[in-house]
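So that you can see what the record holds, here are the features copied from Swiss-Prot:
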- 61-66, 95-99, 119-120, LYS132, LYS141, 159-162: NAD(+) binding site (BINDING)
- GLU174, HIS231, HIS248: Zn(2+) binding site (BINDING)
Amino acid sequence: MQEIVIPLKEKSYKVFLGELPEIKLKQKALIISDSIVSGLHLSYLLERLKALEVRVCVIESGEKYKNFHSLERILNNAFEMQLNRHSLMIALGGGVISDMVGFASSIYFRGIDFINIPTTLLAQVDASVGGKTGINTPYGKNLIGSFHQPKAVYIDLSFLKTLEKREFQAGVAEIIKMAVCFDKNLVERLETKDLKDCLEEVVFQSVNIKAQVVVQDEKERNIRAGLNYGHTFGHAIEKETDYERFLHGEAIAIGMCMANDLALSLGMLTLKEYERIENLLKKFDLIFHYKIIDLQKFYERLFLDKKSENKTIKFILPKGIGAFEATSHIPKETILKVLEKWH
């Protein structure tokens, strides 16, 4: 089993990559999963979990259930189980479950521990590591949340065997995001290798990138913003389509394409670099047709992004391959001209 240590000022923890080991706990544990994952993997976890008391809370599957109602269900289960400050929650699922359980554990009794056991590629390489938690609101995605680091993360690649191809590819989008902004060697590996032949190495490399970024910038003041490449546009797309048409990773892939268009227009990408990223997305079937219905309304949605400040939109744009730049004060006319391609 491989380990990555994430040493933070207030709390350090480990990410374990390998077969899920026996987890022995001396306290109560509330497992939260969704209606699909629980049917596939809950028994596998229960076979390996030893705790003072175990209870399971199952939430409906899907991004549209990442809301106040689901959060309340998790907290009600915790109260009914009489969890205390020494108890913990366990997130078994994808990014939606990871985000919600992290947030629920951060506000229950002003904060208790939680463990992440991600079952999707997207959650394994991104959502489960770093402590960003939250829920969606009618106004936008992840607008209510907190920074709350897990006690541990267990990444078992055998969970991925039950993923549909579409879900798997959505996770690859997040790997490409990290590669383009932080690691040109990973870009080259994705371009030249068959991912099936090097999946464990790529997952480890991606988690390691995320870990290093989080250690440098836990609360997203500077370098961690690079992990939001594609997300300003992507979140607007998810909201506009009511979280139903695209998976999160798919929306981010479209968002990266829009960000690339903007970067190209600003001279931050050469045409060759632009085409490299586009071809990489094509390789993993991550090029999608999307039509913006109302250009002005879509533009206004961009201001609801958490990175926006002083009435300006902050974009994370690739600066060549392996680097990025956070940029604001781009004229509205420039943004709308780029988005015309999608209108």
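Every residue gets a Cβ built from N, Cα and C, even glycine.
Feature annotations (Swiss-Prot) mapped to structure.
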residue : record              : DSSP class
SER61   : NAD(+) binding site : coil
GLY95   : NAD(+) binding site : helix
THR120  : NAD(+) binding site : coil
PHE159  : NAD(+) binding site : helix
GLU174  : Zn(2+) binding site : helix
HIS231  : Zn(2+) binding site : helix
HIS248  : Zn(2+) binding site : helix
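The binding-site residues near GLY95 (NAD(+) binding site), taking a 10 angstroms Cα-Cα threshold over the set GLU174, HIS231, HIS248, are HIS248.
Each of GLY95, LEU122, ASP126, ALA173, LYS177, GLY230, GLY234, GLY249, ALA251, ILE252, GLY255 belongs to the same chain as GLU174, HIS231, HIS248, is absent from that list, and has a C-beta within 8 angstroms of the C-beta centroid marking the Zn(2+) site. For HIS248 (Zn(2+) binding site), the same-chain residues that are 6 or more apart in sequence and have a Cβ closer than 8 Å to its Cβ are GLU63, GLY95, LEU122, ALA170, GLY234, GLU238. When the Cα atoms are compared, SER61 (NAD(+) binding site) and GLU174 (Zn(2+) binding site) turn out to be 20 Å apart. In this structure the alpha carbons, written CA, of THR120 (NAD(+) binding site) and HIS231 (Zn(2+) binding site) are 19 Å apart. In this structure the alpha carbons, written CA, of SER98 (NAD(+) binding site) and GLU174 (Zn(2+) binding site) are 16 Å apart. All protein chains considered, the CB of THR120 (NAD(+) binding site) has 28 other CB atoms within 10 Å. The distance from the Cα of HIS231 (Zn(2+) binding site) to the Cα of LYS64 (NAD(+) binding site) comes to 17 Å.
Scoring each of the binding-site residues (SER61, SER98, THR162) by how many neighbouring Cβ atoms lie within 10 Å, the top position goes to SER98. Of all the binding-site residues listed (LYS64, HIS231), LYS64 has the fewest other CB atoms within 10 A of its CB. Put simply, THR162 (NAD(+) binding site) is 19 Å from GLU174 (Zn(2+) binding site) when counted between their Cα atoms.
Residues near PHE159 (NAD(+) binding site) in space but far in sequence (CB under 8 A, at least 6 apart, same chain), listed by position: HIS41, PRO118, THR119, THR120, GLN124. A 10 Å cutoff on Cβ-Cβ distances gives GLY95 (NAD(+) binding site) a total of 24 other Cβ atoms nearby, all chains included.
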